[in-house]
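Participant: Quick one: the structure is below, and I'll ask about it shortly.
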Amino acid sequence: MSTETMIQDVELAEEALPKTRGPQGSKRRLFLSLFSFLLVAGATALFCLLHFGVIGPQKDELSKDFSLISPLALAVRSSSRIPSDKPVAHVVANPQAEGQLQWLNRRANALLANGVELRDNQLVVPSEGLYLVYSQVLFKGQGCPSNFMLLTHSISRIAVSYQAKVNLLSAIKSPCQRETPQGAKTNPWYEPIYLGGVFQLEKGDRLSAEINLPDYLDLAESGQVYFGIIGL
């Protein structure tokens, strides 16, 4: 029953009652007016509670059908159930290789799957398609030298169609704004560089991730320096 119907019923009830004069009739009209107000207020409150979900069926009690699951959740759930044949690689830096950035795939949290190869410190693309290419390095030093220091990180491609190295991604950072004064306390600094992008690659393309100052690499913790590709 709607609020308007309730009000009409109360008004009809008022008209049906005999018009009593005097204090008793005034009290009756006051009572009916108060009752009408409380009825309207109660109906309004009930509508608000139902509308905003304060009362009624709770979410935990609703059936768990696909209409309540977001499209993104459905996509993630379905993709996790289907084995992927997309090329995937994630290699990590060798902590024992001093003075160079050497990639390893036979380590914890590293992998080569579905045709990707690690050859001559390069990832070899097994099939044509779109790929997410990414890499991260972490530099660490103590104090700032007199000469201006630049740290570079790049991902390059040598394509089958043209045997020339071309930068896909690159970044430059400088950890020092000015030289550390002689005799002053030298403070440690850290500079991470992350690269990532999507590219159309061909079968047989070779990808390399390189830096200019490997002596400043921080290899103390695993997972700080890595390189990988994911077929899309």
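Glycine residues also receive a Cβ, built from the backbone N, Cα and C atoms like all the rest.
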Participant: Need the cross-check against Swiss-Prot: the disulphide partner of CYS144, picked from CYS48, CYS176.
Facilitator: CYS176
Participant: DSSP on the domain 'THD' (87-232): how many residues come out helix, how many strand, how many coil?
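Facilitator: Going by DSSP assignments, the domain 'THD' (87-232) contains 3 helix, 75 strand, 68 coil.
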Participant: Who sits close to CYS176 (disulfide bond): which same-chain residues at least 6 apart have their Cβ under 8 Å from its Cβ?
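Facilitator: CYS176 (disulfide bond) has long-range Cβ partners CYS144, PRO145, PHE148, MET149, TRP189.
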